[in-house]
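**Student:** Annotated signal peptide per TrEMBL: 1-16, in sequence order. Taken from TrEMBL, the feature domain 'Major facilitator superfamily (MFS) profile' applies to 8-426. Residues annotated as transmembrane segment in TrEMBL: 81-100, 106-130, 142-159, 171-192, 227-254, 274-295, 307-326, 332-354, 366-390, 402-421.
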Amino acid sequence: CRYIIALMIFTSSCASFMMRTNLNVNLVAMVPVSNSTYSETQTTLDWTPYQRANVLSSHLWGDILACLIGGPIAERWGARYVVFFGILVSAVLTMATPAAAKHSYISMLVVRFILGFFTGFINPGCHVLLSRWAVATDKGKFSGALMGGSIGIFIAWSICGQLIEPFGWEWGLYFFGIVSFPLIGLLWFLVYDSPEKHPYISEKEKQYLTDNIQVQRKKQSIPYRHILTSIPFWSLAIINFGSGWGIFFVITAAPNYIANALGFNIASTGLLSALTYLAKSTFAIMFGSVGDFLLQRKLVSLNMLRKSSTFISHVIPGLGLIGMAYPGMQPAYYIALITGVMAMNGSVTLTTAVNGHDLTRNFAGTVNGIVFAMMTVAGIITPYVTAFFTKDDETSAALWQPVFYTGGSVFMATGLQFLFLGSTKTQYWNDITKEKDAEHQEKN
């Protein structure tokens, strides 16, 4: 049953990111620039670069709020309901997005904000499920399931361009709301909060999981003060910010750059942008499996695995982003380089995706919700950085150079700090009680 849960975490993450990111390719058609190859017979919108940035970031504001409260809610009342209703409402709002966009710019912002709020519950809910169902030697595989979001982006961007050209950009949104409904039914019947609550699990598997997963079953108050004064927690939050900068740069800026600066049509833009996330998801699964193998055979320590993987997931991609600023680069080289950047970033399955579970199992949803909010803050900033540098001419490759320099520098700096400040040890506040809290204060 635990691998069915992993599969549902994968498909939930996939659906969540399909609905989060399909707009990034759709906007190329919805708000075309002067050299766009999109059909002039279709309805388009007259939004400025900053209005486009607002639309792209509006769902992230809702995302941040949901991340901060989603973890505690899932821990207290159950991740099953959190993920279920998150996907259900998101599917409905995705289908309502074309009407909102045509009605007004403001209504589009409102719908995207609410959509972000409900999709924002899905990630912390999935992390709570992971903490209840994944034994230590399965963490790599389960964190690979969280990379279903990358497959979701690949699917959304691959299909969007193919739907938009014959049917219009509206169907680049309707489609993903419709296909999410079968998943909603499967979630209800297959996903349960813990092995103890699952009606179909074998006694052997239940015993194995309860023996190997040490989670506090009694509801505890969340030790926010201890979490927010923890250096390993902030190191994790900072590296997630850097990861978010790189990820959301590719999500928000890559389709725009490929279409406008490199001159590809809308169908090719979607496919080429999607290729980066196919590479990331493929390598994420590979890295996760290799990491589990190394830990099972005791070939490396957990700390060594996390730190070495950070170099692969952040430092190498940072250098790659800086390399993209090289003037006169051929489009084929750019596509190859950005694909390689995202492939290497797939090793986050061994770093940012699971380090929160190293620090705490009891409050994994809360911790991962907060650090995912930090990642989302980066996602809010990146569209404005891109708009600031490229506002005069989005078709000029030269104006994109500082965008790449900035992204690469953030990627590397946040990864390097984790090498010195990050930790894989379970933190004392994982089992904090009033008595232990008083004892800890006396020692300090």
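These residue numbers are counts, starting from 1, taken along the chain as shown.
Cβ atoms are placed via backbone N, Cα and C, with glycine included.
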**Student:** Across the whole of the domain 'Major facilitator superfamily (MFS) profile' (8-426), what does the mean pLDDT come to? Round it, please.
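**Tutor:** Averaged over the domain 'Major facilitator superfamily (MFS) profile' (8-426), the predicted model reaches a pLDDT of 85.
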**Student:** Could you tell me whether the transmembrane segment (106-130) and the transmembrane segment (366-390) are in contact, taking contact to mean 3+ Cβ pairs under 8 Å with a sequence separation of 6 or more?
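**Tutor:** Yes, since the transmembrane segment (366-390) and the transmembrane segment (106-130) share at least 3 Cβ pairs closer than 8 Å, they count as touching.
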**Student:** Under 8 angstroms, Cβ to Cβ: which one of 227-254, 274-295, 307-326, 402-421 has the largest number of such pairs with the transmembrane segment (332-354)?
**Tutor:** 274-295
**Student:** Using a Cβ cut-off of under 8 Å, list the residues of the same chain at least 6 residues beyond the transmembrane segment (106-130) that approach it.
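**Tutor:** For the transmembrane segment (106-130), the sequence-distant neighbours (Cβ-Cβ under 8 Å, at least 6 residues beyond its ends) are 5, 9, 12-13, 16, 19-20, 23, 54-55, 58-67, 70-71, 73-75, 79-80, 82-83, 85-87, 89-90, 93-94, 96-97, 100, 139, 142-143, 145-146, 191, 193, 356-357, 364-366, 368-369, 372, 376.
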**Student:** Which listed stretch (142-159, 227-254, 402-421) has the most C-beta pairs under 8 A with the transmembrane segment (307-326)?
**Tutor:** 402-421
**Student:** Is the transmembrane segment (142-159) packed against any residues at least 6 beyond its ends, judged by a Cβ distance under 8 Å, and which are they?
**Tutor:** 6-7, 9-18, 20-22, 24-25, 123, 126-127, 130, 133-134, 172, 175-176, 251, 255, 270-271, 273-275, 277-278, 280-281, 284-285, 287-289, 342, 346, 348-350, 353-354
